[in-house]
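First comes the structure, then the notes that go with it.
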């Protein structure tokens with residue numbers, strides 16, 4: 001059980017929808033500090049959060065997740081002056097715009113990866129940090145494909161791949177930073193707007209989503225926090241239809257586990273065994 005009490009949490013997302021509801025729940029967990037980095041200032045939302053727990057310090061910065069990593073580093077140097085350290089980094093910035101592939105990929109995947117690469121040194125135990133937890137908030141269509149939102153789905157598949165790769169013991173045993181993901185099902189806020197399919201053949205289905213049964217952002221936010229509290233390194237959760245489900249992960253490449261062992265091994269005999277097994281296949 002991951003105890004959020006006293007933690008310093010940094011949430012990179014727009015303060016609305018899932019992000020706002022998740023932040024509301026976090027404020028009930030007796031966290032010490034909450035940094036909100038978002039593209040647009042939302043003072044009413046910040047005031048609403050502060051009213052939940054007056055003793056929790058809330059900091060706000062306008063933030064463009066698509067900025068270059070060099071600029072991001074300067075940005076987080078300033079953030080760390082106020083935060084001192086980060087226990088939990090939540091990546092929740094998201095965009096579904098099938099007509100703007102670059103923006104969708106840059107927001108959902110590239111920006112998230114740059115954020116993680118920028119923040120990790122502050123958390124890394126071998127670099128003076130205390131370890132911690134990185135939470136990537138993504139989508140169920142990062143687990144299963146979507147014929148309607150192809151670019152969005154591709155970006156979310158990337159989030160899952162990045163999460164699983166970074167959670168490998170190769171990193172975790174060194175830096176002490178656990179990495180997990182929560183795949184959210186569709187919410188009312190997501191479907192209640194104009195949605196464009198990647199190809200015109202899928203537009204009818206995109207339009208029908210407005211009538212589809214969806215979870216509320218409040219329930220989804222609650223389950224994101226539930227997943228954080230129950231988390232272990234490398235876990236992927238589904239938050240959908242009011243419930244929370246742990247994903248059973250699979251290895252599809254038959255040499256995956258041997259390949260990882262090969263990379264980590266310094267024993268020549270072990271390496272020869274891997275190569276022999278690979279060539280037999």
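Positions of Cβ are set from backbone N, Cα and C atoms, glycine also.
The feature active site, proton acceptor is assigned by Swiss-Prot to 152. If you look up Swiss-Prot, you'll see 11-34 marked as NAD(+) binding site. Residues annotated as substrate binding site in Swiss-Prot, with similarity to another entry given as evidence: 139.
Separating the Cα atoms of residue 32 (NAD(+) binding site) and residue 139 (substrate binding site) is a whole-number distance of 28 Å. The binding-site residues under consideration are 20, 26, 32. Their Cβ neighbour counts within 10 Å are lowest for 32. Distance between Cα atoms for the residue listed as 'active site, proton acceptor' and residue 11 (NAD(+) binding site): 21 Å, as a whole number. Its Cβ placed at the centre, the residue listed as 'substrate binding site' has 28 other Cβ atoms within 10 Å.
With a 10 A radius on its CB, residue 152 (active site, proton acceptor) counts 24 other CB atoms from all the protein chains. Cβ neighbour count for residue 11 (NAD(+) binding site) (all protein chains, 10 Å cutoff from its Cβ): 23. Residue 139 (substrate binding site) is 17 Å away from residue 11 (NAD(+) binding site) when you measure Cα to Cα. Counting other CB atoms no more than 10 Å from each candidate's CB, the binding-site residues 23, 29 peak at 23. The residue listed as 'substrate binding site' has 17 as its nearest neighbour among the binding-site residues 17, 23, 26, 29, going by CA to CA distance.
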